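These come from TrEMBL:
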type     : residues : note
ACT_SITE : SER184   : active site
ACT_SITE : ASP342   : active site
ACT_SITE : HIS372   : active site
DOMAIN   : 106-255  : domain 'Alpha/beta hydrolase fold-3'
DOMAIN   : 314-375  : domain 'Alpha/beta hydrolase fold-3'
SIGNAL   : 1-16     : signal peptide
Amino acid sequence: MMKYIVMMSIFLVVFAYFVYKPFPKGAAEPWKQSMVATGYEIVELLGFVSETLGLTSHINVTRWITTMSGLVFTARNTVLVSEELIDGVKVRISRPKNVHHTLPGLMYFHGGGFVICDPGCMASVTDLLSEELKAVVISVDYRLAPEHPYPAAFDDCLAATRHVIQHADRLGIDKYRIGLAGDSAGGGLTLSVALKLSSNLDPQLAPIKVIGPIYPGLQAFDFRLPSYIQFKDGPSLLSLRRMAMFYLNYMKANTTYLTAFLSNTHVSKSLRQSVYASRVSPKLLPPRLQTYSEAPEQQDGDEDVSNEIQSILLDPFFAPLMSDDATLKMLPPTCVLIAELDILRDDGFLLAERLKGLGVQVQLLYYEGYEHAFLSFVDIYSGAANAVHDLAKCLSQYL
Ligand SMILES: *[C@@H]1O[C@H](CO)[C@@H](O)[C@H](O)[C@H]1NC(C)=O
Ligand SMILES: *[C@@H]1O[C@H](CO)[C@@H](O)[C@H](O)[C@H]1NC(C)=O
């Protein structure tokens, strides 16, 4: 037994040495962040090995591991958790215990690049939000790509949201106090659903009070924004390649387009000069973020790829930053949470800046020294718990 433990320990130390990821300068909690990054590396390695051995796909390995890690989270004794099927969509509901009057509601859309995860991945965050906001949080288990490409995830989130607004009474929710939030891919879904509901306002449907996109992914038009250049190889979970793979899966495009995505040539020259380019222009960013860490030498776009994916790439429910100003202007007050060391940093800033320019109430919650998806480690990073607290405070001002 002892021999076994010693051998396992040696193996783990050697293994950790090879996958150990130091964190860049400026990390807020470097030791913990390195450990998390190493965890991601191990998952990547297992995915690669099992795909190479022909056992199962990289995506499925990642899904299993994230589901398993979701199971070990610590439940909070202040919230009651249940699962339901609403309008054919599975949801996980967190409700403050021992409260019998109606409460505000928050729809929540988890992240995972439209490809992995489920409400379990963000259970610590949604339960904490329920406790801090004193709200019923409904986390949607939407269908995932590539098995269910766009618009499956969007359709599920929209259907669940409509259902909750229409049947708020039954759920103990005040239909005039409903907000939307989500992280990463789910931050994009937050915007898509809010845009759909605010632009097609159905008089029967009470309006959304507030939205809280958390380091959202909002566009696949320009992969050469300053943060895309600066963080193309990480740190931690996200990289340009991963983003490109997520979007390719979600749009169900031919994976041979990966090369065009990586070189940012998936958009034709004429599109690059169109009004769509102006909606994600780096010139909209705060001046201090406009510097490129590497000169963006841009080759001409591949017309064939561009034509093939154009309709989806410019679809505002696929990529919310493609919306025109008149539509964006109809959004409710917005709390945008952004991480500094994140390839998606500029997507968040573009949203905040455009909304500000249009007179929409927007609060920016910016976390220096943190990476993409840091809220997932709310039980590990002290900064993540603070960020959830700040987000709850911001949302509650409008809810
Ligand atoms: C994951 O596994 C399931 C069941 O074996 C399979 O149907 C599905 O196609 C796999 N998905 C991916 C992306 O490999
Ligand atoms: C993807 O594109 C390649 C090269 O153009 C082509 O050979 C292949 O058949 C395409 N695959 C699919 C699934 O359309």
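The backbone N, Cα and C atoms fix where each Cβ goes, and this holds for glycine too.
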Run through the Cβ atoms and count how many others sit within 10 Å of the one on ASP342 (active site).
26
Helix, strand or coil at ASP342 (active site) [DSSP, three-state]:
coil
If you average the pLDDT over the domain 'Alpha/beta hydrolase fold-3' (314-375), what number do you get?
97
Can you tell me the CA-to-CA distance separating SER184 (active site) and ASP342 (active site), as a whole number of Å?
11
Within the domain 'Alpha/beta hydrolase fold-3' (106-255), count helix residues (DSSP H, G, I), strand residues (E, B) and coil residues, in that order.
63 helix, 26 strand, 61 coil
Validating a neighbour-count step here. Other CB atoms within 10 A of the CB of SER184 (active site): how many?
29
Neighbour count (Cβ, 10 Å) for HIS372 (active site):
26
Measure from the CA atom of ASP342 (active site) to the CA atom of HIS372 (active site) and give the result in Å, rounded to a whole number.
5
According to DSSP, collapsed to three classes, what secondary structure does HIS372 (active site) have?
coil
